[in-house]
Amino acid sequence: MAADPQPKPTTSAGNSLLSTIRGDDDKSSTGAKPDEALSDTDTNPPAATTKTNEADDSAQASPSLSQENTDLEKGPEKPTDSANEKEIEAASVDGNIVFWDGPDDPENPLNWPNWVKWSNCALISLLTFVEPLASSIFAPGVPLVLQEFNTTNTELAAFVVSVYVLGFAFGPMILAPLSEMVGRVPVYHVCNVFFLAFTIACAKAPSMGALIVFRFLAGTFGAAPMTNGGGSIADMFTPEQRAGVMAVFTVGPLIGPIIGPVIGGFLTESKGWRWDFWLITIVAGAITIAMAALMRESYAPIVLSRKAARLRKETGNPNLRSKMDGGRTKAELFKHSIIRPSKMLVFSPLCAIFAIYLGLCYGYLYLLFTSVTFVFESTYKFSTNTVGLVYLGLGVGCIIGMGIFAWDAQREVKRSIENGGLKPEVRLKILPYGALIFPIGFFIYGWTAHHVTHWIGPIIGLVIIGIANLICFMTICVYLVDSFETYSASALASNTIIRSFAGALLPLCGLKMYDKLGLGWGNTMLGLIAVPLIPVSFLIKRYGEKLRTKYEIKNL
């Protein structure tokens with residue numbers, strides 16, 4: 001409830017504000033200017049609920065204090081330890097402003113019980129596993145799809161798998177701004193319902209054209225957890241807690257598509273390809289019901305807006321309003337948010353470089369999804385269910401890569417803290433090693449399959465590719481969150497758009513490339529194209545901090 005019109009500001013709140021205004025910490029750990037970092041602090045700092053009229057006038061004199069920049073991706077921050085009474089008073093606002101009731105306000109998502117945080121996180125992470133899994137689960141059944149719909153077009157065979165990922169590229173463009181306007185939970189719920197509807201439509205598709213359209217629409221709505229999940233995690237967990245949670249969250253888009261063909265291989269052979277979609281419907285339906293029962297809104301502007309509405313009703317004061325109400329209309333918020341990921345690609349070299357980087361990695365991964373089935377069925381005469389097991393090579397590689405990443409992250413973070421501070425570039429130390437073994441995996445996979453060695457040969461190549469892909473993917477995603485904390489969701493959204501386009505389009509040329517060049521030279525070409533990632537990784541590791549600080553994000 002609203003506090004006394006003129007409470008004495010808490011020291012911790014003032015400490016957080018001063019630290020943010022001066023940019024002592026944020027400039028070294030985020031890509032935002034100090035005034036933009038202040039906007040982030042405003043989203044979820046532990047401050048007093050109401051402030052003074054006099055200080056509101058001084059706040060109006062400062063754009064960084066008078067204009068709230070509410071963004072779907074802003075995460076909560078803990079207060080720092082410095083204090084300055086003048087800055088505290090300058091940040092104060094009038095008694096009609098509703099904010100958190102101090103640092104321990106139970107309505108602040110940072111202060112939720114751990115079981116609430118982790119149940120929300122677990123449900124979101126399950127979605128980021130199941131919905132990418134749906135992208136590849138029926139890859140082993142594609143030959144049966146072609147047979148049922150009387151076509152032999154190999155490009156169409158690849159596209160019916162990858163068009164789902166094309167939906168991942170279009171979804172974030174709409175779902176991210178919607179999350180800012182109405183909150184995260186309504187977006188999850190609506191998208192879950194439409195995802196289920198279009199997955200059922202895939203199971204009942206009467207033609208190849210209908211299947212492609214329904215797959216695209218299912219992918220569009222299936223992008224919700226990957227688009228907004230990072231923001232939800234940032235709402236509930238502090239930066240110190242966030243790395244481990246992000247690891248659980250980001251592994252789904254890699255492991256899901258790898259496990260999909262394993263399940264799909266056996267299911268397709270026993271029940272037919274349509275049952276791949278029925279299984280996804282059953283699992284996603286159960287998660288949808290659980291989310292409807294357990295999910296709580298974590299986006300601070302929406303939580304505070306509801307709090308203000310409740311207090312207006314309880315007190316009869318129609319002038320009460322949320323501190324996060326920036327005065328923008330919903331149309332203005334939508335327009336402002338929908339162009340932000342594109343602006344980040346244009347004005348942030350790091351966002352652009354890493355979008356292309358992961359676009360190549362993700363595109364190669366889906367190229368393998370659409371080609372491995374044909375390679376092992378034609379070259380090694382694997383059955384439909386057995387060929388699904390081949391994808392476990394990528395899965396084992398991802399598990400090994402996760403172990404390597406976790407070990408390196410723990411070691412480097414501990415070392416950095418002992419040496420005086422944790423910078424985002426610490427995350428990049430392992431990146432060159434992932435880039436180094438990435439092309440090696442394609443060389444091994446291609447030439448062992450070309451010479452029809454024992455089937456374990458190309459699978460070893462797939463294991464190496466899985467290790468490299470996981471290391472690169474995890475390193476870059478965590479680095480983007482650490483570097484652009486205030487706008488981390490936009491940074492991840494811009495990355496998702498580019499890599500999803502690559503994941504949808506690169507597979508279209510895969511089978512034709514293998515037909516013309518063969519497995520040996522075809523995969524050699526893929527490996528050689530990936531070689532430039534090695535020097536790029538070393539250069540970003542060395543100069544990443546300079547790029548981050550020189551091209552700080554403005555006016556987002």
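Note that Cβ sites are derived from N, Cα and C of the backbone, with glycine treated the same way.
Here is what TrEMBL says about this protein:
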REGION    1-86  region 'Disordered'
COMPBIAS  9-19  compositional bias 'Polar residues'
COMPBIAS  22-36  compositional bias 'Basic and acidic residues'
COMPBIAS  40-52  compositional bias 'Polar residues'
COMPBIAS  59-69  compositional bias 'Polar residues'
COMPBIAS  71-86  compositional bias 'Basic and acidic residues'
DOMAIN    120-547  domain 'Major facilitator superfamily (MFS) profile'
TRANSMEM  156-175  transmembrane segment
TRANSMEM  187-206  transmembrane segment
TRANSMEM  212-231  transmembrane segment
TRANSMEM  243-263  transmembrane segment
TRANSMEM  275-295  transmembrane segment
TRANSMEM  345-369  transmembrane segment
TRANSMEM  389-409  transmembrane segment
TRANSMEM  430-449  transmembrane segment
TRANSMEM  455-480  transmembrane segment
TRANSMEM  492-514  transmembrane segment
TRANSMEM  520-540  transmembrane segment
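Between the transmembrane segment (187-206) and the listed ranges 156-175, 243-263, 275-295, 492-514, the one holding the most Cβ pairs under 8 Å is 275-295.
When Cβ-Cβ distances under 8 Å to the transmembrane segment (243-263) are tallied for each of 275-295, 345-369, 492-514, the top count falls to 345-369.
Recorded stretches compared: 156-175, 430-449, 455-480; the one with the most Cβ pairs under 8 Å to the transmembrane segment (389-409) is 455-480. Among the listed stretches 275-295, 430-449, 492-514, the one sharing the most Cβ pairs under 8 Å with the transmembrane segment (156-175) is 492-514. Sequence-distant residue pairs (6 or more apart) of the transmembrane segment (345-369) and the transmembrane segment (492-514) include at least 3 whose Cβ atoms are under 8 Å, placing the two stretches in contact. For the domain 'Major facilitator superfamily (MFS) profile' (120-547), the model gives a mean pLDDT of 86.
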